[in-house]
Amino acid sequence: MCGIWAIFGSDDDVAMQCNAAHKITHRGPDAFRLETIHHFPNCALGFHRLAIVDDLAGMQPMRVFKYPHIWLMYNGEIYNHKLLEEQFNFDTSTACDGEVIIHLYAKGGAEYAAKHLDGVFCFVILDTAERRVYVGRDTFGVRPGFKSYIEQKGFLAVCSEAKGLMPLQQIDNNVQITIFPPGHVETYSLDLSGRATYVNTTRFHKIGEPPAYKTLVNPVDDDVDESIRVLLDAAVHKRTMAERRIGCLLSGGLDSSLVAALFVRKAKEIGIKYPIQTFSIGMENSPDLLAARKVAKHLGTEHHEVVMTPDEGIESLKSVIFHLESYDITTIRASVAMYLLSKYINEKTDTRVILSGEGADEVMQGYIYFHKAPSPSEADTESLRLCRDLYMYDVLRGDRSTAAWGLEIRVPFLDHRLTSYFLSLPPEVRQPRDGKEKYLLREAFDKTGLLPNDILWRPKEAFSDGLSSVKRSWYEILQDHLCDQINEGELEEASSKYPHNTPLTKEALYFRKVFESFYPGRADWIPYFWMPRWTVASDPSARTLKHYKNE
């Protein structure tokens with residue numbers, strides 16, 4: 001987890017712009033570097049580092065002696081870097097996983113490089129010989145990226161988070177800041193004065209397509225269960241690449257429990273010496289705390305519980321919205337607990353890499369409302385839509401809630417090989433079965449002894465619901481508190497004040513007002529409020545949907 005910041009074609013003194021780069025310091029608390037480029041005085045590259053791999057030589061912007069004209073900044077992890085070094089006989093200068101991006105670019109260009117990366121990333125490549133800038137982002141958008149391009153001025157700015165672009169002198173409320181599209185590479189040329197001109201955008205990979213790079217672990221012919229097992233195990237194994245301590249977020253639900261169980265097993269196989277830490281959060285006696293406690297005992301982890309009070313959750317709301325850069329209702333509800341848990345991990349432990357279960361519900365049809373899908377085809381279409389939009393919702397939540405406290409989240413369920421295989425299976429077999437969502441995943445690990453049976457077959461409960469007290473849900477606590485913060489007149493005027501994604505409740509209006517206080521006029525960063533399909537529900541909480549499951 002790091003933070004990248006870059007500007008090209010600035011008419012103002014770039015040294016005066018660097019304060020904007022410090023808005024994302026939280027993403028990389030270990031080191032910071034800001035560089036201007038010789039012969040490109042109106043360009044600057046800024047980097048905040050969280051040192052996970054190659055502590056000595058992994059600082060950025062990165063250059064190597066063989067290609068001194070290529071400058072690289074990236075936020076992410078490239079899991080197949082050693083395989084690529086062997087496959088192409090690259091002569092690398094560091095042990096840093098991202099160096100292969102430079103060598104791949106030199107070999108075949110930016111799109112070629114992106115296609116060959118097994119990992120998560122947002123990168124900026126500056127080629128001073130060709131006077132070109134390339135920006136690329138991973139398939140699911142696990143690592144964030146924003147840009148602002150002013151064609152008339154030849155100005156381009158790129159940053160991991162939008163808050164690093166907002167203070168720039170060139171950007172006012174009339175200048176767009178847009179989310180960089182996952183799975184794409186964009187090219188810009190720089191003229192002799194250093195001004196940027198947009199050239200083109202190419203898509204290098206689509207969700208569901210097999211990856212272009214070589215993979216060592218592949219599906220087993222005619223054995224779905226074994227294929228799921230080996231691919232998920234391999235996905236977890238890849239994500240053990242770190243020189244810092246790795247732990248697991250553990251809600252006690254199926255997804256996080258499977259990831260934790262596979263990591264504990266893999267840690268023994270590869271010789272990790274430290275005790276594996278697991279972390280859970282919830283209100284007192286919440287379902288998640290009780291379930292996570294049982295899983296941790298089964299796995300023998302060093303388990304940490306954080307008991308969250310309603311007041312702590314409410315007090316964190318403004319900070320959460322600032323870090324999220326979103327006003328989506330369910331995203332904020334779920335992020336509060338993840339934000340507070342990340343704060344605990346940062347302050348009380350030396351774990352800096354955390355494995356988590358995000359992505360399984362979208363890829364494997366895990367939401368309760370999938371029980372109401374009209375047909376396998378429509379369920380498949382919905383699953384793919386959720387996957388395509390993950391970067392604006394659950395993936396965004398995971399990244400920002402953890403990055404706010406200098407942690408790096410890794411999500412094995414969004415592994416390219418695993419997802420492309422699972423989404424290639426016939427739509428009818430991916431649907432919920434026998435009253436259980438994610439049936440294929442549960443069945444694959446049934447009778448393996450990896451998890452207690454009642455955890456493996458535990459029904460889906462959304463993170464913001466599972467952490468709630470049995471007596472009173474977190475979303476109800478929020479709504480009751482925020483009811484007093486907004487008056488009826490404000491709610492009646494919401495449609496004229498906020499025509500895009502108009503808030504329909506006092507809770508939604510409060511979230512929107514806080515968002516607008518930090519990011520005025522940027523409501524288009526989310527296209528819609530996340531809501532379940534095929535129901536008449538007016539609230540995204542899974543607890544309001546339980547009566548749909550068995551009708």
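Every residue, even glycine, has its Cβ placed from backbone N, Cα and C.
These figures come from a predicted structure and were not determined experimentally.
Lifted from TrEMBL, the feature list:
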- C2: active site, for GATase activity (ACT_SITE)
- D97: L-glutamine binding site (BINDING)
- L249, I281, S356, G357: ATP binding site (BINDING)
- 2-191: domain 'Glutamine amidotransferase type-2' (DOMAIN)
- E358: site 'Important for beta-aspartyl-AMP intermediate formation' (SITE)
Residues L249, I281, S356, G357 [recorded ATP binders]: greatest CA to CA distance in Å: 15
From recorded positions C2, D97, E358, the one whose Cα lies nearest I281 (ATP binding site): E358
C-alpha spacing of the residue listed as 'active site, for GATase activity' relative to the residue listed as 'L-glutamine binding site', in angstrom: 13
CB contacts for D97 (L-glutamine binding site) [other CB atoms within 10 A, all chains]: 25
Rounded Cα-Cα span from the residue listed as 'active site, for GATase activity' to E358 (site 'Important for beta-aspartyl-AMP intermediate formation'), Å: 20
C2 (active site, for GATase activity), number of other Cβ atoms within 10 Å: 26
Rounded inter-Cα distance in Å - C2 (active site, for GATase activity), S356 (ATP binding site): 18
Other C-beta atoms that fall within 10 angstroms of the C-beta of G357 (ATP binding site): 24
Binding-site residues compared (L249, I281, S356) - the one with the fewest other Cβ atoms within 10 Å: S356
